[in-house]
Structures are given as structure tokens and as C-alpha cells.
């Protein structure tokens, strides 16, 4: 019998090459030969690229080019010629096999290996696979056996066929599914996935969805494909600096993130295995979280993401009326709304905050309710759930305390209702508390300055208290100063424990807190030195005093013009000045070491050599005008930086030309080059900040507002909470739908004629509306020349609202709710829908 073996490559399109060798005639043709040892020139197995410590290449999903690999399992075929040795005969006689084993005209059975199957499915050649089922049944094998899978990636012939579609189809897919069904391995075969670390978990259903093929998706689901299979390989994870596509791992999320609404509806509504709309991936993200993750703030992307988000939300409400899909959090404790805020997806954030659904059965999904409209002016109620600071991981906290690298951080605070909510908090209580704190801090610094100025100077500390009025005032001032230092110290500790800023964002986002904390440290060190009878306490005290007056700039954020100026100073110190100082110190140290090497004390070129009584170098030589030390030379070179240097500050050197060249080079690099670069960089920083100065100032004020709220007790936070508890309709189970809402009056001259509606009679005839409108009128926002710049208009409009072409009725009369509400202070807001109509 002839034994054939071929080098296997899963991607090759050429027929296998065979090498024959003699085999004993009595050997079973179906027996499995021993494994072939790998060739010494075969390539190593590929593993993932981006794992820790990995350096190998990442393999593609499918490639038509051949790559060296291990030898495949040998192919066993029936030879057409047999060599038989009989007793008594002479030399071995050769005769045709048809005389003993195979009848004339009968074809030998077709045998398959991984390579032959892969080649057939890649070419969509069903004829090559006609004998596959008899072969598997005869050999008692299945397509899910390891010998029919890629040893490196775990790819099966079904996955190979899904990756090689011709005009959107591959005829071998149905054939392979039928073969797997008849070999009792259909479910395992359909759900077989990649096993390598890069594409781990990807199944045929994922590929069919990615190929946007509804027919194949239906075929796979009908045959038992797992609609909850998770593709969690490295390629499907979101890691900074790594190429890949994160879509939420699940097939439903993949269909949603690739904008395939038909497949989304099929996965949720099919009768074979409906997908779980609330399923979460390995990081706890649902399909809504995944949609937020794939948003990139471009117009087209935002439009498709918000549209898909809206469709899934409505579909989920119809399939599972009591499920609160938007309230599901991931492992970081973030809802889709909070995730949009933390990642800077301003378009998605604006859509969610301003979503208004008019369908009666889905109106409970709205976060915005239009209360009344009159011309271009309309009053809206915004749901404050997940927005206000009363809840954990609220949108306001996420935006205000996010990293400075978060995109659109400043602009997100201008989206309604965030902009008006912060303004309401500032006007109602934060402004008064902030100004009071400013007054107290000024008083504290005055007392601290007086206590430091009138400190005793005779003797060693601690000083005895004299029975004089001045000493009593001094000691009282010292006690108050130390108490303030202790307060700022523990406040800084509390801040760092709560926020836990990273080292990268520590100096950028926590600039003011660090300065107050350092001020308190200097004060506490001064106290320790004072009671240790060390007069050095004065040095630490004056540093604390200087930083205390500098930190008064923190309170300029309560005033727009001064707040912007303080922001510019902070940015220039952190960005421009730090970089300048690093380069300048390198130049200063380098040229100082060069100059001090040339200087020799006692060496004077203008005097004879006999007049130099001695030569010395280093710290041991201390004449009156010695420059033979690094410290004194650095001071002299620093004078050159500010234009006060003298090229002949010493003559104790040899090689005068070299000395002058060093000084001139230093002056050119520092005084002419570096200082002018610093001025240019500062000018650029000022221009950048000036363009968005108001937004930056609003962010600083927002942080101040939230810090003030956090300083309250829980009972006080509820008392100062913005908005009111209102009834906005009914829940899906027929109960009253109470929301904590905040009223915002808006003006829109663009679409006002398509949104004319009067929800309440006598628009504006309520206390809250009067208060809001009167505030706007007092601010001059609606009067005369400022009407077009009415500040009630949100910066970002809901994409679904812009695309809605259906006009509404000009006047909508809604029924009044006459029943009693459980919350006594709740205002009633209902639409025309009654519970029986739902």
C-alpha cells in the first residue's frame, strides 16, 4: 500500500504534494499513522502580538498566502498496484489490484484532511466535498476534531467558509452544516470559535454579522448558533495604543455598533434563541455602553449611534416593559449616560439628556418633557436622575472631576440642562458661601501676616508669654494661624483619598489643592521647629506665608475676568515655564561646570606669576571674590540670563578666548534664544486660553460648586437640591411616574414653527416659570438687542429632533390630573394619555 503525506498550509489554493512510501499489504487503510516529526525548517507557531512580553506576529483572520507550517496528517489512499510474494514462487510478481481487492471500474474511497477541506470551502466547491460525509461516517470522525482545525488559531472549515464569501454567499456552508448535523456535532460545530489569544471567542455568527449577511445570520441561528457568544480576544478589547475593534463582544452589540438594525431586531425577536438585551460583556458593558464606546463625535457617526441607541431603547421597552436598560451599570459603576460624559462623547451625551419620545407606550423613556410652548419659547422639564450630585457617579461629577485629557470637557458643561443647573446652584446658595469663604480666608491671611511680622526675635523659641495686650493678640494670632494650617492639611488628605488622582493628572487637575497642601506642610514644619528650639522655623513660616497669599488666586474663580487671568497663570506655569526651566537648568549647569573648570583662584593674567602667592581649587579656597566654585559661578551666569552679567567678572583663568566664547554661547542660548521662546510660548498659551476662556472659567466654577456641595451634610444636600418632584406620566405597569425634574426655558427660532404646542393652559403661569423668566429678564437676555442671543438655547440639538419632519398639532389640550399625589410638594405634569389608553 502506498502512503502519502503532504506539507499542510491552510491558506494554499494548490493541490497537496504527495510523497509515497511502501506499506505492508495487510495494514488497515483506515488506521491512523504515527505522527510525523516536524521538519527542521518549519516556522514557529504564531501567538498574539500585544500580550505582555510577546514579540511574535499577530495572525490575520484569513489570508490567501501560504505560510510555512507543520506537516499535516498523512493521507491514506488505496494503491492501484499490489506487490505480493507467494511461497514457492520466484521473484515477487506484480499484478493489478483489481484482481484481488477492488472490482473493475470501482473508484477508491476519497479521503480528506484539513487542507483539502479548507481549499474546497475557500473556493465554494461543493463537488469536492461530496464524499465528505461518507468519509466521516466510515472513519467515525467529526468536523470539530482537532485534525480538521487550524492548530494555531482553532479555525474550523465553517469559519474558513464564512471568511470566503463569493457575492455574499458560499454554497459549502449549508453542506457543512448538513454534514455536522448528520454526524451529531451540529451545535458544537456552529459555535466553534477561534482559540488564539488575538481573535479568541469569535464564532461564525460574529463573522456573518460583520459581513452584514442577514441570510447567513438567519441560517446560523436556525442551526443553534449561540447568540450570547463573547469574542474577547485581544483584537476585540479596547486598549490605548493597540489596533482593534471593541464592540461589546456579543453578537447583538456587534450588529448595533456596525449599524445593522435589521439584524438587531432579528437577534432580539427570533423564535429560535432571542438575545438578552441586558447581557453584559467582560467589562460589564451592555449594548448601550458599546454604542457609546464606538461614538467618535463626528456628525455621521453621532447620527447613526444616536439613532441605533434610540431604536434599541424603544425595542427593549416593548419587549421588556419593566426593564430599565439605561440604569444598568458596568464594572466601573457607569451608566451609558455617565460613560458618555466620562469619555467626552458630547453628541451622545446631548442626545440622551435631551431625548423626548412622543410615542405613548414609550414616553416613560423620555428625559425631557415639553411643558408649554409659545412661539419660539418653550419650557421643558429635564429629568435629573443620574445628573445631579445626589447620586453616585453623577454626570456633573464625572465631567467636573474627569481628567484634563477628556475631550470636550469644557463644552459638555454648556449642554442643557447642565449649564442651567450649575447656574441655578451658584445663584441659590454657592455664591454666598463662596464669598463668605473668601472673606474668611482674607481675614486668616491678615492674622497670619500680623503674627509673623510681630514675632519675637530675641532668644530661642518657644518664647514665654508676657502679660501684655500685644502678646495676647500675638499668641491668639499664632493659634489661629496654626489651626488654619491643620485645617488645610486634613482637607488636602481628604481630597487625595476621595479623588485618588494619578501622578500624571496630579499637577494638572489638582493644582490649587496641591498649593494649599504644601502651604499647610510648611506651617506644620514651622510648628515642629518652633517647639524644637530651632530658629529655622522662621524660614518654613515665611514660605507658608508667601504661598498663602499666592493661593488667594484660587478665589478669583468666583469672578469671570479674574478667574480667566488665574487660569492663564496656572497653564503657563505648568506648561511653558516648567519646560523652560528644565532646558535652562541643563544649560546653566553645563556652562557652569565648563567655566568653573577654567577658573583658578590666584591666577591673574594682568599680574606677574611671582605675585600669585598660591593656587587653590574647590570649597577649601575661600578668598573674598572667589569664583572657583560651582555655586558662585551659577549665580554669575544667572545674571547673564537677566541681562546683568559682566564678561569680565573675574580674571583668574587661562585661555581667555575660550572663556569669552563660553560666555557668549551661554548668552546666545539663554538670554536671546530661551527667553524669547518662553515669551512666544506664553503668548500662544494666552491666545489658546482666550478662545475658550469662558468655558474654562465655567469648569472651574463647576468644580467649586460641587466641592461646596460635598462639604454639606447629607441632610443639607437634600435641602439645597435643585428642581422639584413632578409627576410626568405613568410607568409601564400603570403606576404614577414621579421624576425629580428641573425646568429650563428655551428659545429656538429655527424649528419653533414645527414644535408649536401648548401643554398647559396659561403658559408660564406657575411659580417656577415666573421665577426663571424673571431671572432671564433681569439679566437682559430677552430684552431688545439681546433677544437673538437668548442664552436659553442649548448648544447641541438632539439629532433625532432635527431629522423629524412630521409636524405636530398647533395646540394640544391635555387633561388635568385631579387625584392626590403621594409627595405633598409634587407638581403635576401629565400628557393627554390616561392609564386606560396605554
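Just so it is clear, glycine is given a Cβ too, placed from its N, Cα and C backbone atoms.
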Message = Among 43, 47, 144, which is the one flagged in Swiss-Prot as phosphothreonine?
response = 144
Phosphoserine per Swiss-Prot (candidates: 6, 139, 611, 800) = 800
In Swiss-Prot, residue 305 and residue 504 sharing a membrane side = yes
Request  = Look through 197, 693, 774, 832 and state which residue has the annotation phosphoserine in Swiss-Prot.
outcome  = 774
Message = In the three-state scheme derived from DSSP, which category covers residue 201 (ATP binding site)?
response = coil
8 Å Cβ shell about 511, 512, 550, 557 centroid, resiniferatoxin site members excluded = 515, 551, 553, 554, 566, 570
Task = State the Cα to Cα distance, in Å, between residue 511 (resiniferatoxin binding site) and residue 643 (Na(+) 1 binding site), rounded to an integer.
result = 32
Ask   = When you look at 115, 155, 160, 164, 199, 200, 201, 202, 210, 211, which the record names as binding ATP, what is the longest CA to CA distance in angstrom?
value = 25
Remark   = In the same chain, residues at least 6 away from the ends of the topological domain 'Cytoplasmic' (557-571) whose Cβ sits under 8 Å of its Cβ atoms read 431, 434-435, 438, 511, 685-686, 689-690, 693-694, 696-697, 700-701, 704
Query = Which of 201, 643 (the binding-site residues) has the most other Cβ atoms within 10 Å?
reply = 201
Note = Row residue 512 (resiniferatoxin binding site), column other C-beta within 10 angstroms, all chains, value 18
Request  = Summarise the topological domain 'Cytoplasmic' (498-510) by DSSP state, stating how many residues are helix, strand and coil.
outcome  = 9 helix, 0 strand, 4 coil
Query = What is the biggest Cα to Cα gap, in Å, among 511, 512, 550, 557, the residues listed as binding resiniferatoxin?
reply = 14
